[in-house]
């Protein structure tokens, strides 16, 4: 909307208040409409994904706000190697320091680009942070007590995915694919604390809405496309790899929990389950929604499919090298 | 979306998180350990909304000329959805529908110490795991608590295991058998029951990780605070 508004015009606050009133009045109708078992299951999974992810998003926007307000571009340049090619793996390893799941890393990567970090390095951080952090690796070790190789293979596969995507971006990526707003530094008309509060609030509101889209899609898909897909794949290794990679995208599990789901699918070979763990934190429906909204649709349309292919290949390579073909 | 509407939505969302963490509602969706995370996130959201509102009222921020925040796009509206779903419906914990929808999966490796002989009361996940690794044994007197569900024409007592949130739930089930089954079949699904009977652990191997229980005694019980197992 670019037209100037008259004071008496209906604005979003009125619409919002009206929506709340209508919802309260129609409450029993809405509850009735949601009474079908399948709808209730979808609603529960939807709320569960939101409730589980929002605290991580809140942590992420506090970090991203702090980066925007307190970390100067000069300081970041001092920390990262000068050559972008060397900055990529360093940024990937820096993911170790953010013990959250994938929702936290999107706003952080955005503000890193805003503060002048090379895009390739920020994207490597974006992909590595949810997968290569101590909490996720410990969870993987707990879920696969008899297979210590899984932890190593997961870390290697995810770090390789992050680095390959970073280098790929450096080689083939174009700056105009990322929405211009990402590169503009934060402004709030005030001191550093004002910048902190305003960037955190802005990132939370815009990323939160996208997280909700992702959670809704993931909830519907995970109920309609259940894990019974995996039945009968026990001795079809390659097909199992592909099915598990697609499942990782549609289920959109938290990276701290996906190892337990993978462990429970014990009829499947090990490498397809590793691919599930490498693909999930790098590309899934809720992450694509977050990326599309944060970096622009043009970015997500190119980045997500490329990441999917790279993650599958890196997952298979890491799995075959550490675990063998099984 | 106008800034003040964004603040209102953020405030309500934070309030909703604190609200479900204040009683046992949040246990329908996530693990008990996440309570303080939820409260923390709710407080952060409320805090950011209040700070932004105060700054806007004092005229300290420089929003667009018409009061819109163009950079956020339409997505903030979607934040209303979880607030409404939680406030109006508060969907129940996953139950029989989720069990019927998913094949049962293998239990985690327990590596638990052997059970002393005699009657045992176990969680369903543990009962299934011990049926597979042989530490439960056939013919033992076993008591389990879970909700009733129907699957492939069988009546089962089920429990869902979650490690993070309900999206990663895996069902574990014990199939009911014997004359006591009639009582269970007459009850609606999602009824919470405590069942005592004789276990046929061997059946778990042929029945996709679901041991059989020859029902001796079945009582309807109140749902537990935490409907899931870890």
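Glycine is treated like the rest: Cβ placed from N, Cα and C.
Remember, TrEMBL labels are computer predictions, not curated facts.
In TrEMBL, the annotation transmembrane segment applies to A:150-169, one of the ranges A:150-169, A:170-189. Check TrEMBL against the ranges A:77-99, A:261-283 and you find transmembrane segment recorded for A:261-283. Three or more CB pairs closer than 8 A are found between the transmembrane segment (A:45-71) and the transmembrane segment (A:204-225), so contact between the two stretches is assigned (pairs 6 or more residues apart).
Using a Cβ-Cβ cut-off under 8 Å and counting only residues 6 or more beyond its ends in the same chain, the transmembrane segment (A:261-283) has close neighbours at 101-102, 127, 130-131, 136, 140, 143-144, 147, 150, 153-154, 157-158, 161-162, 165, 227, 230-231, 233-234, 237, 240-241, 243-245, 247-249, 251-253, 255, 304, 307-308, 311-312, 314-316, 318-320, 323, 325-326.
Among the listed stretches A:120-144, A:204-225, A:303-325, the one sharing the most Cβ pairs under 8 Å with the transmembrane segment (A:150-169) is A:120-144. Among residues of the same chain six or more beyond the transmembrane segment (A:204-225), those with a C-beta under 8 A of the stretch's C-beta atoms are 38, 41-43, 45-46, 49-50, 53-54, 57-58, 60-61, 103, 106-107, 247, 250-252, 284-290, 292-294.
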